[in-house]
Amino acid sequence: MESSSAAAVETAVTVPSPSTFDVSRRPDTAGLVLNSPRPPSLREELVGVVGKAFRPHGSGHGGDRRPPRWAWALAALQAVFPVLQWGRTYTLKSFRSDVMAGLTLASLGIPQSIGYANLAKLDPQYGLYTSVVPPLIYAVMGTSREIAIGPVAVVSLLLSSMVQKVVDPAVDPVTYRTLVFTVTFLAGVFQVSFGLFRLGFLVDFLSHAAIVGFMGGAAIVIGLQQLKGLLGLSRFTNSTDVVAVAKAVFSALHDPWHPGNFFIGCSFLIFILATRFIGRKYKKLFWLSAISPLLSVILSTAAVYATKADKHGVKIIREVHAGLNPSSVKLIQLNGPYTTECAKIAIICAVIALTEAIAVGRSFATIRGYKLDGNKEMIAMGFSNVAGSLSSCYVATGSFSRTAVNFSAGARSTVSNIVMAATVFIALEFFMKLLYYTPMAVLASIILSALPGLIDIREACNIWRVDKMDFLTCLGAFLGVLFGSVEIGLGVALAISFAKIIIQSLRPQVEVLGRLQGTNTFCSVRQYPVACRTPAVQVIRIDTSFLCFINATFIKERIMEWVRAEVDTSNEKVRERVHSVVLDMSNVVNIDTSGLVGLEETHKELESLGIQMAIASPGWQAIQKMKLAHVVDRIGEDWIFLTVGEAVEGCLTAHKGSAMEC
């Protein structure tokens with residue numbers, strides 16, 4: 001039994017002998033690592049960022065011919081105005097499809113825009129204004145063919161909940177509108193900057209789990225806010241948390257209220273949801289769910305007018321200002337007392353609006369089989385909001401519900417946005433007087449009908465099943481919005497996400513590697529137990545992209561822990577004592593001064609134990625900094641290798657040579 005177990009151990013540690021890999025015939029790969037060209041500096045990268053956005057396709061590939069200046073100018077124009085590219089192949093058939101989609105979109109967009117303006121604590125016409133100018137700008141600058149631009153529920157709530165903390169719209173509506181337009185302008189400027197400087201990663205700070213939780217919490221808060229219109233309440237809280245809203249509803253119910261508002265709101269909510277169910281079940285009847293909000297407005301307005309229900313407690317919109325968007329240039333204040341607060345609100349609104357728009361655009365682009373350019377989308381969205389802020393609009397973005405309708409209606413390009421904007425403009429010019437008797441309860445029912453699409457319980461369950469830490473982010477965002485505020489929800493989600501990143505950065509994986517028998521492939525012995533550890537050579541992989549101050553000490557201690565454990569358990573009868581340690585740094589893209597000090601200290605500690613340290617496949621930035629800090633000189637150029645296999649061969653060969661000398 002003892003002989004069989006010893007044989008098993010010997011088999012487990014059997015690896016190809018050094019003679020299998022003839023070192024003399026191996027190219028000087030250490031020279032390749034050490035003599036690689038200098039990586040681009042930070043200045044060079046920053047200078048090239050903006051130019052990359054406007055570089056003609058293929059200008060940097062396949063040949064030395066530089067494109068003429070007109071090609072650069074045309075490429076720049078096409079980058080800013082994609083309509084110049086796809087407009088050349090636009091057909092009459094596509095135009096017909098876009099006209100029908102635009103009209104269908106307008107039938108949904110008009111009542112929704114009025115309702116979202118009410119949610120943003122603005123007069124109804126401002127929601128309609130936001131459905132005119134931003135869609136027109138996006139139509140010539142955007143890259144998505146299906147996305148529908150306009151006001152959305154989440155951004156409307158976000159805007160009102162934060163701006164009203166600075167100025168109460170009930171006390172000073174003029175200043176409130178001024179701040180809203182200023183926030184919209186600054187949000188547009190931020191969005192353009194994100195696109196120009198390739199800062200799309202800022203949007204990714206809100207993870208998928210955070211967005212799921214945030215949207216779910218916001219949907220419930222928006223629904224609770226609609227109780228004011230649904231119940232016809234005169235007094236209501238400005239707070240958005242569920243506790244304050246519940247208290248406001250409970251106290252308001254002790255006051256006289258009129259059940260007619262509740263009856264109208266619930267009746268048309270059931271009508272809208274029923275038509276949506278029919279539209280989903282019978283795809284050819286998709287238009288029924290699209291026009292149901294407009295039908296609800298028309299029918300409820302006619303019913304209130306015919307029965308004089310407004311005289312019996314049913315609350316109505318009353319006057320809606322008609323006409324084209326008035327200029328709001330003079331209302332934008334960039335040097336007033338509230339500029340700092342506006343900038344803070346603007347950057348939050350900019351990120352949330354971009355996150356929603358890009359998520360919506362990419363989902364439908366995937367269905368149609370084309371790629372959405374995220375940076376161009378940011379620029380298009382930014383200019384849409386800048387132009388909108390100058391023409392009495394508030395923050396606009398892509399709406400999922402309207403985009404779904406636009407897609408189902410057969411939209412082929414952004415021309416559907418133009419048709420929709422023209423239709424809304426005609427309504428502003430000629431039909432606003434007809435909205436006088438529109439009940440507020442119907443607007444509440446239209447908003448409530450759009451909320452189920454924001455609550456994704458199935459995805460939350462999937463997040464729980466896949467990643468518990470991600471679910472914690474989702475739950476934190478949800479509860480933060482529900483019991484705190486929109487800002488608290490976002491803050492909690494960001495805090496948990498950053499805590500997750502910091503924890504992973506503080507304690508990155510440090511894996512012991514073994515060789516798959518018969519190959520020169522090295523992998524984790526924990527993940528692949530069949531991998532054989534090389535006798536006398538400890539191979540350790542550092543699984544972090546940035547070896548820095550936050551993790552350098554942990555990595556050094558972890559490496560030494562593995563090495564000391566290996567040294568203490570070495571048995572001369574079965575396995576040679578460890579004489580070399582190979583650090584696989586293929587995942588280490590960059591390193592800072594703390595990381596360099598950590599490498600030096602690791603080398604010194606290993607040297608004191610009589611163990612040689614070798615480094616395999618360091619990243620481009622990492623090896624350059626190691627050379628500048630003279631770490632390579634201290635370790636020795638002969639101990640820097642291109643691959644782990646070559647490093648192991650070199651260590652075995654060197655040890656064999658030193659043993660023969662002895």
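Here the Cβ of each residue, glycine as well, is placed from N, Cα and C on the backbone.
Marked as domain 'STAS' by TrEMBL: 547-651. The average pLDDT the prediction assigns to the domain 'STAS' (547-651) is 88.
The annotation region 'Disordered' is assigned in TrEMBL to 17-37.
Annotation comment: TrEMBL describes 137-159 (among others) as transmembrane segment. Beyond its flanks by at least six residues, the transmembrane segment (137-159) meets 80-83, 105, 109, 112-113, 116-117, 119-120, 127, 130-131, 180, 183, 214-215, 218-219, 221-222, 225, 240, 345, 348-349, 352-353, 356-357, 360-361, 364-365, 368, 370, 372-373, 376-377, 379-381, 383-384, 387-388, 394-399, 402-403, 405-407, 411-418, 420-421, 447, 450-451, 454, 486 of its own chain at Cβ-Cβ distances under 8 Å.
If you look at the transmembrane segment (179-199), the same-chain residues 6 or more away from its ends with a CB under 8 A from one of its CBs are 49-50, 52-53, 120, 122, 159, 163, 166-167, 328, 331-334, 336, 338-339, 341-343, 345-347, 349-350, 353-354, 375-390, 392-395. Sequence annotations record features per position, and here TrEMBL assigns transmembrane segment to 179-199 (among others).
Taken from TrEMBL, the feature transmembrane segment covers 205-224 (among others).
Feature annotation from TrEMBL assigns transmembrane segment to 260-278 (among others).
According to TrEMBL, the transmembrane segment annotation covers 285-306 (among others). Long-range contacts of the transmembrane segment (285-306) within its own chain (CB-CB distance under 8 A, at least 6 residues past either end) are made by residues 104-105, 107-108, 110-112, 264, 268, 271-272, 275-276, 278-279, 314, 316, 405, 408-409, 434-435, 437-439, 441-442, 445-446, 449.
Through the fold, the transmembrane segment (377-397) approaches residues 80, 120, 122, 126, 129-135, 137-138, 141-144, 149-152, 155-156, 159, 180-185, 187-196, 200, 325-329, 332, 349-350, 353-354, 356-358, 361 of its own chain, all at least 6 residues removed from its boundaries and within a Cβ separation under 8 Å. What TrEMBL records for 377-397 (among others) is transmembrane segment.
Same-chain residues lying 6 or more positions outside the transmembrane segment (409-428) and placing a CB less than 8 Å from one of its CB atoms are 83, 86, 90, 94-95, 97-106, 109-110, 113, 125, 128-129, 131-133, 135-136, 138-140, 142, 144-149, 286-287, 290, 322-324. The transmembrane segment feature in TrEMBL is assigned to 409-428 (among others).
For 435-455 (among others), the entry in TrEMBL reads transmembrane segment. Within the chain, the transmembrane segment (435-455) has long-range Cβ neighbours (under 8 A, six or more residues past its boundaries) at 111-112, 114-116, 118-119, 124, 153-154, 215-216, 218-220, 222-223, 226-230, 232, 261-262, 264-266, 268-269, 272-273, 276, 293, 296-297, 300-301, 304-305, 309-310, 314-320, 400-401.
Per TrEMBL, the feature transmembrane segment maps to 475-499 (among others).
Listed by sequence, the residues of this chain that lie at least six past the ends of the transmembrane segment (260-278) yet keep a Cβ under 8 A from its Cβ atoms are 229-232, 285, 288-289, 292-293, 295-296, 299-300, 303-304, 309, 312-315, 439-442, 444-446, 448-449. According to DSSP, the domain 'STAS' (547-651) comprises 58 helix, 15 strand, 32 coil.
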